[in-house]
Structures are given as structure tokens and as C-alpha cells.
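Some features that Swiss-Prot has for this protein:
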- Gly30, Glu31, Asn32, Ala33, Gln34, Gly35, Lys36, Thr37: ATP binding site (BINDING)
Amino acid sequence: MFLTNLTLTNYRNYEYETLNFGEGVNVILGENAQGKTNMMEAIYVLAMAKSHRTSNDKDLIRWNEEYAKIEGRAEKRSGSLTLELLISKKGKKARCNHIEQQRLSQYVGHLNVVMFAPEDLNLVKGSPQVRRRFVDMEIGQVSPVYIHDLSQYQKLLQQRNHYLKMMQARERSDEAVLDVLTEQLVLLAAKITLRRRQFLSLLEQWAMPIHYEISRGAEQLCIRYEPSVDVSEKAELSRIVEAYSETFAAMREREVQRGTTLVGPHRDDIAFFVNGKNVQTFGSQGQQRTTALAVKLAELELIFSELGDYPILLLDDVLSELDDFRQTHLLDAIRKKVQTFVTTTSIDGIKHDIIQEAAIYRVHSGSVTAPS
């Protein structure tokens, strides 16, 4: 798939901009703080209906304006696609092929993207929350049902935590209410756990050979899912439900004392091992970067295997973070098969011929000069 057109209205520092893109590599060139990353973010938001940089949608709206709008046209193997996302202080409205989507979970997945930015190097060395967010966003692109289940889980989790806090303060003591909330939470938690495990198993299958090649045959990558309940790697949904039910029962007294839910997908983690050692704890910076790069390239292949279309790749100021060998491997891997957007302050340090042949868009103060 590839994005043929992007139109921004009142988005960040863009008042109005409309651009056409080629199927290959598109370089967004400019000094810092001119709007390069804002454009990359806009493409990401168009696809995912949320930003990777902020959780506050108001940040996306241009100063002193009431709304921001992102519009895009794309070509997929299944046909043409038009997308529109309106962001106001009241919320978001999304349209796909001019049809308003009742829920954002219906909208996400029509356009697929993989973002690789400097902060994605924290995928390995960052907090468990970073890794959970990564997994959830990627599964959501290929499974709208997962987005719905995750949203329902988060709402129920808030309700359960609120009730636990009231029980902690002795404002409520009805165990039956907690039983109902727990029972509803258990099934959703089990579904999320099962889907995460399946996704990470597939991701590992794609990432292992990529990592082996980038490390020039010196390293073997293993991705381990660490759920908050003790279940075997081959456990079916019914067994995962049992495990959650048993664990919640055992933890109830502690949860009431703490006033919060101590078990569930919101406490999962993912660990990356290279040659049997945890990369987060024992890996060098080079190993951490190789692992992050291998995972990002594996995402491309996994989405293609699931959907039959390669996603759009967004490389936001990340090439400068990679050495020449990793740069070359990344750019060779995407050649002629993945539409790619690259932001950089200069192309001089990028020697690969794929960049030299790219379409160059120059950004200055929220205005873009397209290639002639």
C-alpha cells in the first residue's frame, strides 16, 4: 500500500498543506523545529487515530484554531482508499471512503504504518509500558476486534480500581459487585493475553533471521512474553481464563488493601534475549539497536503476511542513530517494496543510493516545497 496524497488543515504548525507522494522513498528535509516530525506524526495519526508523541489531542490542533483535519488518499491491493480524521476539542470523527465510522476501532487498520523513531530504541531498554503499547498498537492494525477488547478492558479496569479504592476506604463492601467486575475482566484479560502471545510468537519468527543477518551471524534473538499470570506457552483460552480466575481469587485481599488491580495485561512485559542474555539488562547499546531494528523490519513482514500489503514505513530522524552497516541493511530491506518517509536535516550523511534517488520535500516554518 502507499499514500498518494496528504492534506493537512490546522495541524500543529501547518495552516494548510496538500502534497502528493511517490510509491518509493520520500525524504522530508529541513532544519529542526520546522515541521518535519509533525508531518510524520500526521501520517501516523491518519492511520492510527492517535499520536505516538502525545496523549492529548488538543496538542495536535494549530494554535488559536478550533479543529485540525487530516485527509489522505491511498492505494492498496484491494483498491483505492480515502481517509479523513477530524480532531476537535470535543473528540475525533473519522471517515473511511466518505463513510463515518461509528467507533475508532472500525477505522484503525485501513491504512497501516510502522513508525521507527529514536524513541523506539527504548523498546528494548525502556519501561514495560513502552513495550505493551508497542504490542497493542501493532496487533490493533491487523485485528480491530483486539482494539475493541482492549478498550473494554481498560474501561472495566478503571471501574474495578475505583470500586477497590472504595472498599479500601470502607465506603463499599459488597463482594458481589467486585465478583461481577472481576468475572467480566477475566474473559477480556484472557483474550488479550492469548492474542499478545500469538502476535509475539509470529514476530519472533520474522525477527530471528533478520537479527541473525544484521549481527552477521553472531547473535540469536529470542522474544519472550511475560504475562502476569502463570500459564504455559500453549495454553488455550479456557485455561488462561482459569488461571486469571484463580489468581484474582488468591490476590483479592491484597488488592482490597492496595485499592488497585494487581493482575492483568496492564502488568505484562516482553523481554528480548540475545544469545540467552536479557538485552535490556546485559546488552550493549549496539545489541539494543540491532534488536530494535530487527523488530521493526519484522513488523513489516508480519503485517504483509497477515494482510497481503506492506505497510508504510516512517523513519523519523532515526537514520542518524544507526551506523553505516545498519543503515544499509535497513534501506536494502525496504528497496522497491515499501513506501518510506524519511525525515532528516541533511542527506549528506546518508550514502545509500536509494536516498539519492528519492523525492525530496523541503520543509520550512510549516510550509513544504515539493519536488519539481
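Every residue gets a Cβ built from N, Cα and C, even glycine.
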Original post:
Which state, by DSSP, holds Lys36 (ATP binding site): helix, strand or coil?
Top reply: helix
Original post:
Taking the Cβ of Glu31 (ATP binding site) as centre, how many other Cβ atoms lie within 10 Å?
Top reply: 11
Original post:
By a simple count of other Cβ atoms within 10 Å, which of Asn32, Gln34, Thr37, the binding-site residues in the record, is least packed?
Top reply: Asn32
Original post:
Looking only at Cβ atoms, how many others are within 10 Å of the one on Lys36 (ATP binding site)?
Top reply: 25
**OP:** Going by DSSP, give the three-state secondary structure for Gly30 (ATP binding site).
**Re:** coil
